[in-house]
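Notes to accompany the following structure.
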Amino acid sequence: RLQESRERLSVCSKLCYAVGGAPYQITGCALGFFLQIYLLDVAQVDAFYASIILFAGRVWDAITDPMVGFFISKTSWTRFGRLMPWIMFSTPFAIISYFLIWFVPDISTGQVIWYLVFYCAFQTLVTCFHVPYSALTMFISREQSERDSATAYRMTVEVLGTVLGTAIQGQIVGKVDTPCIGSPFFFGLSNSSVAMEELNMTHDTESLTDTRNAYMIAAGVIGGLYILCALILLLGVRERRESSELQSDEPVSFFQGLKLVMNHGPYIKLIAGFLFTSLAFMLLEGNFALFCTYTLGFRNEFQNILLAIMLSATLTIPFWHWFLTRFGKKTAVYVGISSAIPFLIAVVVVDSNLFVTYVVAVAAGISVAAAFLLPWSMLPDVVDDFKLQHPSCHGHEAIFFSFYVFFTKFTAGVSLGISTLSLDFAGYQTRGCSQPGQVNFTLKMLVSAVPVGLILLSLLLFKLYPIDEEKRRKNKKALQDLR
């Protein structure tokens with residue numbers, strides 16, 4: 001009891017730890033919801049090249065996760081810890097590259113290279129923040145209950161971060177009207193250079209400039225929040241070396257540890273299940289702004305609909321934490337993630353109605369909260385199970401967290417690139433006030449049918465996940481004895 005009392009974290013420590021998760025979610029939400037529509041309608045990048053930017057950026061982001069995990073495993077402990085220096089030094093450069101993503105360069109050629117370079121640079125730098133931050137879960141306490149509680153705090157703040165990202169980006173950008181071309185005139189144009197000159201003549205330059213300025217203002221505000229949250233984390237959390245180590249710990253090489261981790265059955269089954277869940281929600285996230293703007297016809301309301309989803313998710317995180325402690329994490333997975341299915345179907349089946357859309361948005365947010373909380377709550381259980389099977393291996397925590405993020409980001413990059421390319425093949429019209437029927441049908445598939453199929457597949461995979469509540473209790477007792 002005395003040992004458990006020493007391992008308890010204060011509310012202040014949990015809050016400071018939780019705040020550190022906000023920068024990744026604020027920037028990720030702004031990019032996830034708005035980068036696609038920004039590239040297509042504001043920066044006026046061709047849909048084919050926009051798909052390349054989104055695909056390459058996400059894939060590069062995925063590749064950097066295991067790279068950073070490798071370098072972290074080779075990092076020596078300092079008086080600040082092993083993980084904190086990564087967070088400290090990556091922050092200022094991440095903010096600069098993030099701002100430049102939302103800047104439209106005054107160059108006739110090389111615009112695609114501009115966005116690709118700074119998008120990849122930001123993804124690398126934010127990975128240098130988020131991978132060590134994720135692994136920090138294992139270094140704040142040895143108690144499962146304390147880690148679960150800190151994770152619940154973190155998920156609440158992270159979902160609040162998505163609310164802030166959606167609200168800041170959406171409300172600032174939503175106050176200006178992005179000019180569009182009416183469909184009768186627009187669809188009569190060909191893709192020739194003469195048509196482009198005629199299009200530019202009708203372009204409302206002042207309105208487009210206001211829109212571009214709004215995106216940069218939003219980027220500046222989000223950058224300021226990034227700095228503030230990083231400072232709170234660095235000043236308010238102490239990284240405890242002893243929290244992750246056992247009495248028998250001996251160093252193990254990265255590649256040996258990687259081989260052991262990838263052969264750990266519960267880990268593979270867990271990431272396989274959440275892989276398809278993440279794909280479902282990332283497809284929804286990446287295409288929902290376009291879906292609301294063109295398919296539902298809510299051009300001036302989509303940012304408020306996104307905000308409703310994120311507010312609902314934030315408010316229900318405490319409920320899901322209570323639910324998983326009361327009924328178990330596997331049960332929470334089945335109930336929480338499957339609850340999104342009827343609402344994803346309803347949003348495309350019901351005729352376009354603003355009130356119904358808001359109801360569906362609020363209900364969908366409940367499932368989004370479960371998808372946020374559960375992976376990060378279940379990963380520490382897998383790490384504990386691994387320690388019991390390999391008590392001589394340590395320094396592998398970053399491998400678990402970085403490769404989980406790697407797989408989800410890699411497949412998300414592929415799916416987002418394919419979805420944008422699908423819109424291009426369907427005939428997406430840049431800056432159109434409306435879109436052809438094929439585009440609207442494609443958007444319906446991307447936000448409803450495909451995510452529903454992925455969620456059903458993930459639920460089947462979760463049936464194979466072996467760590468239930470009884471197994472967790474046995475692991476906790478065995479770890480205490482081993483220590």
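Each residue's number is its place along the chain shown, starting with 1.
The backbone N, Cα and C atoms fix where each Cβ goes, glycine too.
Annotation comment: TrEMBL describes 15-35 (among others) as transmembrane segment.
TrEMBL lists 83-104 (among others) with the feature transmembrane segment. Packing against the transmembrane segment (83-104) from elsewhere in the chain are residues 20, 27, 31, 35, 38, 42-43, 68, 72, 75, 111, 114-115, 118-119, 121-122, 125-126, 128-129, 131-133, 135-136, 139, 212, 215-216, 218-220, 222-223, 226-227, 230, 233-234, 239, 398: each is 6 or more residues past its ends and has a CB under 8 Å from a CB in it.
Summarising the annotation, TrEMBL assigns transmembrane segment to 116-140 (among others).
Summarising the annotation, TrEMBL assigns transmembrane segment to 214-237 (among others).
The transmembrane segment feature in TrEMBL is assigned to 267-284 (among others). Long-range contacts of the transmembrane segment (267-284) within the same chain, counting only residues at least 6 positions beyond its ends with a Cβ under 8 Å from a Cβ of the stretch, are 32, 261, 333, 337, 340, 344, 368, 371, 374-375, 378-379, 382, 386, 400, 403-404, 407-408, 411-412, 415-416, 419, 446-447, 450-452, 454-455, 457-459, 461-462, 464-466.
What TrEMBL records for 304-324 (among others) is transmembrane segment. With a cut-off of 8 Å between Cβ atoms, the residues of this chain six or more beyond the transmembrane segment (304-324) that come close are 29, 33, 148, 152, 155-156, 159-160, 162-163, 166-167, 170-171, 174, 288-289, 292, 298, 331-332, 335-336, 357-358, 361-366, 368-370, 372-374, 377.
Only residues 6 or more beyond the boundaries of the transmembrane segment (331-349), in the same chain, are considered here, and those with a CB under 8 A from a CB of the stretch are 273, 277, 280, 284, 320, 323-324, 356-357, 360, 363-364, 366-371, 374, 444, 447-449, 451-452, 455-456, 458-459, 462. The transmembrane segment annotation in TrEMBL covers 331-349 (among others).
Residues or ranges marked as transmembrane segment in TrEMBL: 355-377 (among others). Taking Cβ pairs closer than 8 Å, the transmembrane segment (355-377) reaches residues 134, 137, 148, 151-152, 154-155, 158-159, 270, 274, 277-278, 281, 292, 296, 298, 305-306, 308-314, 316-317, 319-321, 324, 329, 332-333, 335-340, 343-344, 346-347, 404 in its own chain, all 6 or more past its ends.
According to TrEMBL, the feature transmembrane segment maps to 398-421 (among others).
As annotated by TrEMBL, transmembrane segment applies to 441-465 (among others).
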Residues of the parent chain within Cβ reach of the transmembrane segment (116-140), under 8 Å, 6 or more residues beyond its termini: 9, 13, 17, 20-21, 23-24, 27-28, 35, 52-53, 56-58, 60-61, 64-65, 68-69, 72, 81-84, 86-87, 89-91, 93-94, 97-98, 100-101, 146-147, 150-151, 154, 230, 233, 237-241, 243-244, 376, 379-380, 383, 397-398, 400-402, 405
